[in-house]
Amino acid sequence: MKITAIHLYAIRLPLRNPFVISYGSYSDMPSIIVKMETDEGIIGYGEGVADDHVTGESWESTFHTLKHTLTPALIGQNPMNIEKIHDMMDNTIYGVPTAKAAIDIACFDIMGKKLNQPVYQLIGGRYHEEFPVTHVLSIADPENMAEEAASMIQKGYQSFKMKVGTNVKEDVKRIEAVRERVGNDIAIRVDVNQGWKNSANTLTALRSLGHLNIDWIEQPVIADDIDAMAHIRSKTDLPLMIDEGLKSSREMRQIIKLEAADKVNIKLMKCGGIYPAVKLAHQAEMAGIECQVGSMVESSVASSAGFHVAFSKKIITSVELTGPLKFTKDIGNLHYDVPFIRLNEKPGLGIEINEDTLQELTVFQDIVR
């Protein structure tokens, strides 16, 4: 089997509500969709959702890298040879994990369809039967965040990820307000998105949060400062998660060596796709570090890819892949049974793509043959 053509679609996914985190606000989510064709008529879909605050890639640069650098090198290659595909991509250009993830996901979709198996069967088989779905609370004033959490409990949600990271005192008020409103039996995870910057600010915040039964604090400091995460972990009993600070095996080795995290957040857009995500999970398992699979607020394409990784690995104990629930329109049909997610047994990614919606949401496109 050979890759004969790769279509690229730069789309914007409309959000139900603005998505607000420590370093930005989004009214829609820009994404690059890859449609990979083969000489056997099998088509695979991939996705890259860039975040220039995390990997240094943008929507435009990801499209450009795919069009001019990666896809020309892959025409004629066998998408089943995923180790070789990644080696070729790495030898062609350093970094750009989001662009590489889009190719990787499309290859796995093709592999699954060729073998008539869901992707999770190609990377270890199904370990988990279901995962709870966590609702993500965007940054707002304390009362509004508490009110949104209360309304989501009525819809069945039992866990929340709170976005904070603007000001330590205000963030503490936000977390206290949500905990007071939802009670002690609801899970709360706090994602700072690097917003507390350093260990001093973080330790100040943590001293005020110890009594609030927080599941974990995610990436409070600047991504590259793994030393600070290790220092904070030595000073607190609150579990710490590293997100932006983990991209590749290089950072994972440092995290393990410094004992810098209780848990890590693996994202396909940060590491380069399904294949490297599995490698990270295996590294973490050897060190006894639990994993989560998260996302950059992706469509059904990349979200389903993340779920396949999560469902196949024992060491992955939580997921935050809620992008499709946040869009008014999506190009795929990934199904959620809120408050749970359960995967089907369809081959490949297990989703159908609505080509009409894909064209409707496309801002610009191209094809490489």
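Using N, Cα and C of the backbone, Cβ positions are placed for all residues, glycine too.
If you look up Swiss-Prot, you'll see Tyr26, Asp51, Lys161, Met162, Lys163, Asp191, Val192, Asn193, Lys267, Ser295, Met296, Glu320, Leu321, Thr322 marked as substrate binding site. Listed in sequence order, Thr134, His135, Val136, Leu137, Arg189, Val190, Asp191, Glu218, Glu320 are the same-chain residues at least 6 apart in sequence whose CB falls under 8 Å from the CB of Lys161 (substrate binding site).
Note: Asp243 (Mg(2+) binding site) has non-local neighbours Asp191, Asn193, Glu218, Gln219, Val264, Asn265, Lys267, Gly294, i.e. same-chain residues 6+ apart with C-beta under 8 A of its own C-beta. Summarising the annotation, Swiss-Prot assigns Mg(2+) binding site to Asp191, Glu218, Asp243.
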Output field, Mg(2+) shell: CB within 8 Å of site CB centroid, site Asp191, Glu218, Asp243 dropped: Lys161, Arg189, Val190, Val192, Asn193, Ile217, Gln219, Met241, Glu244, Asn265, Gly294
Cβ neighbour count within 10 Å of Met296 (substrate binding site): 23
Under 8 Å by Cβ from Tyr26 (substrate binding site), counting only residues of that chain that are 6 or more apart: Leu15, Pro18, Phe19, Val20, Val297
